[in-house]
Amino acid sequence: MGRGSAAAPFSPRLALGAAALLLLAAAAPLPSPAAAVNVTAVLSAFPNFADFARLLASTPVAGELAGRSSLTLLAVPNANLPRSPSAFAAGAGADIADVLRYHVLLEYLSPSDLARLPASGKLVTTLFQTTGRAASDLGAVNLTAGANSTVVVRSPAPSPGSNATVLGAVTAVPYNLSVLAVGGLIVPSGFDLAASESRPPPPVNITRVLTDARGFNVAASMLQASGVVSEFEADEHGAGITVFVPTDDAFAGLPATDRLQSLPAERKAVVLRFHVLHSYYPLGSLESIVNPVQPTLATEYTEAGRFTLNITRVNGSIAIDTGIVQASITRTVFDQNPVSVFAVSKVLLPKEMFSRGDSDSTAMAPPSAAMAPGDAGNEWTPPTRLSSPPDRHGQDSESSAALTTAKTNSWWCIGFMYLQLHLLLSLV
């Protein structure tokens, strides 16, 4: 038997040390990758976004998101989507999948992040940029702050193009996915949006818009009962329309002597027409309106100078004065050219039909607020200002507490094993 190097003597101390190190390595907490989020499953809890969720599922985009985290999804409510989104995108020379990719921001943005936007705006890369089909940085969006805490999403291209207003926060999976509602589809710069807009779009169903938005049951019921909603939809073409809709709370605060509910049907129709301008005004245009005295659809049924609204800025908000009532815009309900719908804090009573004493009297019980047709108890209501998603409040603290507990348990385990190692080594 040949001579060789002598084998190292067996050392129980070394064996125990090696075993202990293996135990420590196994017990140490491993860094966990960010959990992938099923976007369509998240949206399934919100019926108002069912059409947008189906669009995602019908394209490769849903699968592309499965392996990503730290995202912000700009979701479009059912009422704000074109009747045929694919045809809308095709008319602009775009593929609907690329349009949807443009609604996926590769950064987690919470409402508090939006509230801290710089004056110059914030450029955020979208999933569309990763396709290589976007020139320069045109696969990104620019988020800019507007008046009344609004945020507008637009292309960074110098020429005006597609844009949408952030309506509010929908939900979040901290810090993997933030879902924000926007007022319409945003088409990337470089596509011919005018081509898709050259065909007259189908009329916007205003009653459905109000039903989906919630909080407008009285107005939706009055519109359907009066029959004037068909007039509004017929007037959407051309210059478009701007609709001011009182909330249910506004109807609840009507004076006891306003007589609105006791008016004959044709007079109620006049009041409803008084809430509509025969031009499309997005929020920014109303804020900088040149001629504050605006005729309404009710003006067209009488004579010039009657049934007008005075629209001005008061203390940073848009005020609408009828001569006996001053209301303010509380939120954007719908904004997609050629139709904009805004919630207002009071019912607009024309001075031609009501006296100032009517608006100063004590409040009566609200008129019958039967559920508007089709109101199925939708889950999401656009907030008056951007705030954290209501259904996710507290989850950040819960997640943080769970993480702290897990770390504490891991360190206790490591400490216990270290003590065992020390005792074993002392016995050898």
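Here the Cβ of each residue, glycine as well, is placed from N, Cα and C on the backbone.
Because TrEMBL annotations are produced automatically, they should be read as predictions rather than curated entries.
Look at TrEMBL and you will find 360-377 tagged as compositional bias 'Low complexity'.
Confidence in the domain 'FAS1' (36-177), given as mean pLDDT, stands at 85. Feature annotation from TrEMBL assigns domain 'FAS1' to 36-177 (among others).
As annotated by TrEMBL, domain 'FAS1' applies to 203-348 (among others).
Among the features that TrEMBL reports, region 'Disordered' is placed at 358-401.
The feature signal peptide is assigned by TrEMBL to 1-36.
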DSSP residue counts for the domain 'FAS1' (203-348), split into helix, strand and coil: 46 helix, 41 strand, 59 coil
Per-state residue totals over the domain 'FAS1' (36-177) - DSSP helix, strand, coil: 50 helix, 34 strand, 58 coil
